[in-house]
Amino acid sequence: MLLATPAMAQTGPAAPPSAQAAPDASAQDAGDQSSLEIARIQVEGNQRVEAETVRSYMTIREGQEVTAKDIDTSLKTLFGTGLFADVSIRQSGRDLIVTVVENPIINRVAFEGNYRIDDDDLSAETELKPRVVFTRARVQSDLQRIIELYRRKGNFAAAIEPKIIQLPQNRVDLVYEISEGPETGVSSIKFVGNKAFSDSELRGEIATAESAWWKFLSTNDNYDPDRLTFDRELLRRFYLINGYADFRVLSSVAEMAPDGSEFFITFTVEEGELYTFGEIDVQTELARLDTDELRKLVPIEAGDQYDASKIDDAVDALTFAAGTEGYAFSDVRPRVRRDREERKINITFRIDEGPRVYVERINVNGNVRTLDRVIRRELRLAEGDAFNRVLLSRSRDRIRSLGLFARVEVTEEPGSQEDLTVINVDVEETSTGELSIGAGFSSDTGIIGDLAIIERNLLGRGQFLRLRLSLSGDRQQIDLRFTEPYFMGRNLSAGIDLFGTESDFQDESGFDFQQTGIGFRFGFPMSEFSSLQLRTSYVREEIKNVASNASISVQASEGKADAHLLGYTYSLDQRNDPEKPTGGYTFFFEQDLGTPLGDTTFLESELGAAIYYGINEDFIASLRVDAGYIFGYNGDDVRLNNRFFKGGSSFRGFEPSGVGPRDTITDDALGANAFAIGSAQLTVPLFLPEELGITGAVFSDFGVVGLNDEDDRFFLINGAIVRSDIQDDLAFRASGGFSLFWESPFGPVRVDLAEAFLKEDYDKEQFFRFSAGTSF
């Protein structure tokens, strides 16, 4: 016999499959180079895999002179396919007999004991699926993937055991039995080497938080190694904006308790010295730029404490200024010179004309629901345009102002050529559906509430839809509003409103009010920051169920009336953030004309303005002023329902309809023809952990509400002439108080506590108001 038979341990066809490493099949010394010409290769034990397929995987062919080394190579190749649990090759005369035990096919993959992660998420992490060939190596790989997924979720004590259930026809069920264990929280976060800031201050700057009972709805107190890496960067940023230019994080160590229930994190830092700004200079050779004027735009003065963010702000301001002067390709580079002896940072901002660059391509990423065109139509740049940083910044602001995204980042990267750039728009979608529940309380009316369902991104098209339903004891209201922001593909918004209201004003004014109507709106931009809306509506109104002891003015208004309205609104919005502004202002002016096509004719005018100023990151001041005036023409008085009723959220410290003209006898609120109300507010920190999302504000509301046109009038009531008697002093009112805002996991919660300290005796006060909402 020229060639010995290669041998390996047999598992037998009934034994469970195993993914053992390919054995050394050579039955003779490695130095034995004797060979034999193989006449045939026979395959035994195969069930699903064709014999010819088995032969194709081998490196040996019939009629070939083979050595023991060749047989060993073929053996390893067959094992490498992953199709077989066991393989042996033996010689029988001039034939090679290849005996295989096929790996089973997976019939089903199941997960048991998983509560925090659902089956779909676990299945997405695993490679083994039904109808895939089973191997133990793949099981181990998937096992590690699942464990890593649980660790990312904060379950470091999770234990997983795979179970294999044998089935007929060489099939198996694979079941992962999971013991999730407790979430592995962060028991303590300590800092070593910090002198300028306490551990408590530094803990407030990082994303990871220590576990506490009130954080049961948060995941930031679970250990996450990726979050720990992010924390290192947050610490670096914090120190750089607070003057420590040499700051370093030397190490961040996370130690797990022996039982896997908690982590102990320690950051070791080197703060370095505290720096101040030294010489600040602006240099440029561009003709239309005045360095003295540019220097005024730099928010840095010599002697100021070093703040790295101010350098970025200066670059942005100088880039924007150069762009407005026609230098769209300007390049602003800060040259930083560090004086370690004097502990000063000297900076020269150099502005040069950069190379002309054009937009090669615009990529939009991260929009899962929102259609691309909703984002692209807000861009002030198009592919092929000359690149302009001013327009790029404006594009980012316009996308943010849509209110559809939690994060908007617009970046650039080199294109396929030196004069081309690629713009990347990366967005992170947020909840655009909102379920709002409002509630309030007063000593006279008790609890009030309403419900609204809002979708600001209907079908991902950027369309607005609102269905509002009020089900309080005094008011039943339903209205449906739809807005298409780009009607027929043009920068023209169009909308329709359907509404119906049934209100009980028996307590306030002694009547019930019913209103139904339909309206149409069109709007278009006047500039980048302003817009004009035109509208028309048809409304049927009825004042009914007037109490027998109601005010004479109310009795005179009883009955139905149709109104046809034409109106417009001009609005200007230059806030830096539409949701939480810290700077900028808004303004609007609107008028509605009750035309002779209806039963009542009047002209109503309103205006409002608000300004916001961020004193620092925690203190935000705002001032808002609203005013309105309405009068009738063609000999008509203003109907009761068209007057201004103020109080509640519009004038805190007073009930809804609690401030303004009032009947002296019945104490009914009659509404005003004019008002002017201001509100000053200062958002203040409450020094609570930032992750709680609780902030406060102190405020004062003030103004006048009055000028009822039925004062000292005579009415014909049931055949008798009766004189009105109305309290309408147009007196100045003022209130002050405190608001509490909580960005809870369920949605925003607001509490207002207000005291009216300038008021009339006949005004109705309200000390407490509450509102809450949730998003979906």
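One is the number of the first residue shown, and numbering goes on along the chain from there.
In case you wondered, yes, glycine gets a Cβ from its N, Cα and C as well.
No curator has checked TrEMBL annotations; they are predicted automatically.
What TrEMBL records for 1-33 is region 'Disordered'.
Residues or ranges marked as compositional bias 'Low complexity' by TrEMBL: 9-33.
The average pLDDT computed for the domain 'POTRA' (36-103) is 85. Annotation comment: TrEMBL describes 36-103 (among others) as domain 'POTRA'.
For 104-181 (among others), the entry in TrEMBL reads domain 'POTRA'.
Taken from TrEMBL, the feature domain 'POTRA' covers 275-354 (among others).
Among the features that TrEMBL reports, domain 'POTRA' is placed at 357-430 (among others). With helix defined as DSSP H, G or I and strand as E or B, the domain 'POTRA' (357-430) counts 18 helix, 29 strand, 27 coil.
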Secondary structure content, the domain 'POTRA' (36-103) (per DSSP, counts of residues): 20 helix, 26 strand, 22 coil
The domain 'POTRA' (275-354) - residue tally per DSSP class, helix then strand then coil: 24 helix, 30 strand, 26 coil
Helix, strand and coil totals (DSSP H, G, I; E, B; other) for the domain 'POTRA' (104-181): 24 helix, 27 strand, 27 coil
